[in-house]
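Noted in TrEMBL for the protein shown:
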DOMAIN    99-256  domain 'Sodium/calcium exchanger membrane region'
DOMAIN    286-424  domain 'Sodium/calcium exchanger membrane region'
TRANSMEM  71-93  transmembrane segment
TRANSMEM  99-118  transmembrane segment
TRANSMEM  130-151  transmembrane segment
TRANSMEM  163-188  transmembrane segment
TRANSMEM  200-222  transmembrane segment
TRANSMEM  234-253  transmembrane segment
TRANSMEM  281-301  transmembrane segment
TRANSMEM  321-344  transmembrane segment
TRANSMEM  356-377  transmembrane segment
TRANSMEM  383-404  transmembrane segment
TRANSMEM  411-431  transmembrane segment
């Protein structure tokens, strides 16, 4: 009776002809511990109507159509999916490489949002803890894949710039816009948030900053910078291992011992929120779609890495500006916009969870992981991001820490963070970096106007 009812009402949850039974923990425990980043991305999801699809008698065809409806058409960003085949066609037809670059970026936007959706679907069947680990691993999969392809091409500067840009955009752009919009939309309401989560993330970011500062300061401790190249590399690799160990402890803290600090509750949504706590596709379907999405992310990431220099030359913009400013904004547009939407609703804990959680994950997991992967690949990547880049990172972390120290918010705090981001963006806009595959050294400052005139 129960199996027949599931087959009639929700046939898309069948796997190999058998109904997938959700345990109480998987169905309800996940709902209590939804991450802020998952809730942020859910702002772009659309409810699908299966009335028409459910009339199809062929179970296999019905299951395929429901999967397509949920995964491809179940997001407000589905309009950007045509950019994926467009980028592939442009690449193979040899069209303008800057067009391949921008189409690849646009194609990565819905893919990043769908990865978040699919990890949540898998979490319904695996439970909240495994789902949290999966989200922690796949949360910044776009940045990681771009970094790996850049490392394979020996473009260490692109790796450092893109990862640094993701941290800066989360701390200053996303958080600043959220506080500004939330403050303006709730002028008559005192906006408060839980400081405990912000304090934990701030401590992790300060540890990451220390690991970046020491290799930089190490280069100034010797009479000649050349004498510190190898020791700085060894120091960076050792610090990366420490950072990964600290991130592992952070995951234990977040997912087991102090889970309540990181739980994101979207109160006031009532029945609609309960409806979201049900899986819409099966476990193996989710896993298959996730693998397919990862393949396309890898393909488009390869296009981005291969064409970023051509886009830089064509548009008269430095690679540093494209990597630090453009890549992070486009790649995580859905997640960032969701954080701003929740700030409008005076749900700052979710907005803070998105911005600080993503910045912590990149700085303490993605960056040291890239150093270790480069070590395995025989590429000499260290944690020395150079003076301007490390200084920008330090100021961003310090300003963010001061902004969040009292547990309250208003629009002026958001405005200050945004202005800091604009000033840093202007710095990289005028920065010209010679092609140096071994790092981001020997940076000179030159106006973009002069570079365009001399082209």
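Each residue's number is its place along the chain shown, starting with 1.
The backbone N, Cα and C atoms fix where each Cβ goes, glycine too.
Counting Cβ pairs closer than 8 Å and at least 6 residues apart in sequence, the transmembrane segment (200-222) and the transmembrane segment (383-404) reach three or more and so form a contact. Using a Cβ-Cβ cut-off under 8 Å and counting only residues 6 or more beyond its ends in the same chain, the transmembrane segment (411-431) has close neighbours at 168-169, 171-173, 175-184, 187, 317-318, 320-321, 324-325, 388, 392, 395-396, 399-400, 403, 443, 445-448. Most Cβ pairs under 8 A with the transmembrane segment (71-93) among the ranges 99-118, 163-188, 383-404 are made by 99-118.
When the stretches 99-118, 163-188, 281-301, 321-344, 383-404 are ranked by Cβ pairs under 8 Å to the transmembrane segment (234-253), first place goes to 383-404. Only residues 6 or more beyond the boundaries of the transmembrane segment (281-301), in the same chain, are considered here, and those with a CB under 8 A from a CB of the stretch are 12-16, 20, 63, 66-67, 70-71, 84, 87-88, 104, 107-108, 111-112, 114-115, 118-119, 121-122, 125-126, 138, 141-142, 145-146, 149.
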